[in-house]
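Enquirer: Sequence annotations record features per position, and here Swiss-Prot assigns active site, proton acceptor to Tyr484 based on a curator's inference. Under the heading FAD binding site, Swiss-Prot lists 109-115, Ser120, Cys176, 180-184, Tyr190, Glu236, Ile241, 481-483, citing experimental evidence as support. The disulfide bond annotation in Swiss-Prot covers Cys37-Cys99. Look at Swiss-Prot and you will find Asn65, Asn89, Asn168, Asn297, Asn305, Asn329, Asn467, Asn499 tagged as N-linked glycosylation site. According to Swiss-Prot, the feature signal peptide maps to 1-28, an assignment based on experimental evidence.
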Amino acid sequence: MNCSAFSFWFVCKIIFFFLSFHIQISIANPRENFLKCFSKHIPNNVANPKLVYTQHDQLYMSILNSTIQNLRFISDTTPKPLVIVTPSNNSHIQATILCSKKVGLQIRTRSGGHDAEGMSYISQVPFVVVDLRNMHSIKIDVHSQTAWVEAGATLGEVYYWINEKNENLSFPGGYCPTVGVGGHFSGGGYGALMRNYGLAADNIIDAHLVNVDGKVLDRKSMGEDLFWAIRGGGGENFGIIAAWKIKLVAVPSKSTIFSVKKNMEIHGLVKLFNKWQNIAYKYDKDLVLMTHFITKNITDNHGKNKTTVHGYFSSIFHGGVDSLVDLMNKSFPELGIKKTDCKEFSWIDTTIFYSGVVNFNTANFKKEILLDRSAGKKTAFSIKLDYVKKPIPETAMVKILEKLYEEDVGAGMYVLYPYGGIMEEISESAIPFPHRAGIMYELWYTASWEKQEDNEKHINWVRSVYNFTTPYVSQNPRLAYLNYRDLDLGKTNHASPNNYTQARIWGEKYFGKNFNRLVKVKTKVDPNNFFRNEQSIPPLPPHHH
């Protein structure tokens with residue numbers, strides 16, 4: 001080899017070495033690259049409190065775990081984000097998106113941390129969590145009966161501050177006060193006012209979304225297709241929701257509730273259930289009559305301990321005690337509702353009563369409990385949901401209730417929630433959430449437990465009940481609800497050329513005929529599929545546009 005050839009070879013080797021070294025450094029340090037990029041966009045100064053946490057920070061684990069609502073996912077084996085960003089304004093979200101794109105990190109956006117599969121804070125590839133805890137302002141305009149709510153606010157905060165302004169206004173969101181509005185509203189969001197006003201997503205009139213290019217869009221600038229998609233189609237598919245503008249609704253000055261327990265042999269419970277399933281969805285929209293079933297240990301007349309299934313029938317009625325008792329005695333005398341079973345509450349106290357964070361027997365609760373983000377007991381849990389379109393036969397319901405005995409006492413529960421009311425009148429394509437006319441009720445199966453080592457046992461029980469009920473629920477497709485996300489329905493391999501075909505399997509369960517429109521919106525606004533997870537809407541490949 002002559003000198004010039006050797007020199008060329010040596011220079012090439014040096015260049016190759018440095019290139020390789022640089023590539024390895026950039027791959028090895030996406031966290032450092034992200035931090036450098038972020039600090040260029042958002043200079044760290046005195047006016048700027050700490051926004052970014054890495055695993056080197058003392059507060060990293062407490063911030064990560066603080067809003068993990070499902071204790072299944074607090075474990076050493078759960079994948080952890082390289083970075084947690086806690087933005088306090090839109091510019092911080094913009095910087096996070098641009099820098100994550102630049103260095104090749106995925107984003108998970110967390111509002112309240114209630115995602116049933118933990119997908120607002122878990123990813124199988126290197127990722128950043130955008131934790132919206134510091135973006136929780138609520139600006140209410142009583143005159144126009146609207147409010148701007150930042151996506152990190154909780155339902156409890158929304159209900160509390162609306163009530164502070166006007167006791168006869170509220171918003172039709174869910175029951176649990178610690179749920180964040182970012183995910184809840186963008187997945188649909190049902191609750192006590194659903195039969196009067198529809199879902200939370202039906203009552204959104206504007207939004208601020210930060211898109212894949214880091215631009216902040218409102219309803220006008222994003223256009224009606226994207227605005228349609230984020231109200232029930234999962235905002236995380238299209239960007240990061242920073243705020244919602246919501247339409248407030250009228251609520252009565254008093255409402256009446258009861259929650260009666262029925263402890264009898266299963267055939268007797270099934271008779272009550274059968275009456276319930278044939279009448280609850282037909283009631284006037286001012287009455288919600290829900291039911292749930294759970295096992296409990298009791299002592300029988302002979303002093304022996306035994307496990308029985310208990311049924312609970314619970315109401316929310318827009319009106320007084322006398323009217324409700326009269327209605328129940330005429331329409332459902334088998335329940336035997338008496339005046340002494342009922343309580344009249346203000347609307348805000350009704351909200352608290354059914355919040356799951358106070359004792360049912362406690363009458364002296366303060367509405368400030370709605371502001372407590374740590375209210376309620378956290379457990380590990382698993383949940384699956386079905387929609388029922390025709391009555392479940394009594395013989396089948398006997399067997400379904402008997403399956404509660406296969407689970408630990410008090411660990412498994414079925415909740416049945418009536419549809420009907422205004423839900424019958426809203427088009428299935430009004431927003432991506434399609435489950436409207438023809439749905440009698442939703443039925444969900446859940447298990448909760450304490451110990452990590454019991455995860456598989458309880459998850460498998462929920463799966464077994466879900467499999468058993470297959471013939472009795474909606475079919476072709478078997479419908480599902482995005483806010484009770486279920487990865488058993490299928491996952492999408494975004495590297496696969498068949499990702500649309502894979503996604504359609506679960507997509508049509510969540511969205512019905514609306515799935516294809518969601519795909520078109522995704523293809524238009526995020527063609528390179530930056531915002532993705534195991535169950536995200538895929539864009540069509542370029543040749544299909």
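For all residues, glycine too, the Cβ spot is worked out from N, Cα and C.
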Enquirer: Which has the fewest other CB atoms in a 10 Å radius around its CB: Asn65, Asn168, Asn305, Asn499, the listed glycosylation sites?
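Expert: So among Asn65, Asn168, Asn305, Asn499, the glycosylation sites given, the one with the fewest Cβ atoms within 10 Å is Asn305.
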Enquirer: On a count of neighbouring CB atoms within 10 A, which of the binding-site residues Asp115, Glu236 is highest?
Expert: Glu236
Enquirer: Cα distance, Asp115 (FAD binding site) to Asn499 (N-linked glycosylation site), nearest Å?
Expert: 23
Enquirer: Identify, among the glycosylation sites Asn89, Asn297, Asn329, the residue whose Cβ has the fewest other Cβ atoms within 10 Å in this structure.
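Expert: So among Asn89, Asn297, Asn329, the glycosylation sites given, the one with the fewest Cβ atoms within 10 Å is Asn297.
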Enquirer: Which residue among the recorded positions Thr109, Asn467 has the fewest other Cβ atoms within 10 Å of its Cβ, if you could check?
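Expert: The recorded positions Thr109, Asn467 were compared, and Asn467 has the fewest Cβ atoms within 10 Å.
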Enquirer: Taking Cα atoms as reference points, rank the binding-site residues Thr109, Asp115, Gly180, Glu236 by distance from Asn297 (N-linked glycosylation site) and give the first.
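Expert: Checking each of Thr109, Asp115, Gly180, Glu236 against Asn297 (N-linked glycosylation site), the shortest Cα distance is to Asp115.
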Enquirer: Can you give me the Cα-Cα distance between Asn467 (N-linked glycosylation site) and Asp115 (FAD binding site) in Å, rounded to a whole number?
Expert: 22
Enquirer: Taking Cα atoms as reference points, which of the recorded positions Cys37, Gly112, Asp115, Gly183, Asn305 is nearest to Asn65 (N-linked glycosylation site)?
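Expert: Answer for the nearest of the recorded positions: Gly112.
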Enquirer: Using C-alpha positions only, work out which of the recorded positions Cys37, Asn89, Asn168, Asn329 is nearest to Leu482 (FAD binding site).
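Expert: Nearest in space to Leu482 (FAD binding site), counting only the recorded positions, is Asn89.
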Enquirer: According to DSSP, does Asn329 (N-linked glycosylation site) sit in a helix, a strand, or coil?
Expert: helix
Enquirer: Cα-Cα, whole number of Å: Gly183 (FAD binding site) versus Asn305 (N-linked glycosylation site)?
Expert: 43
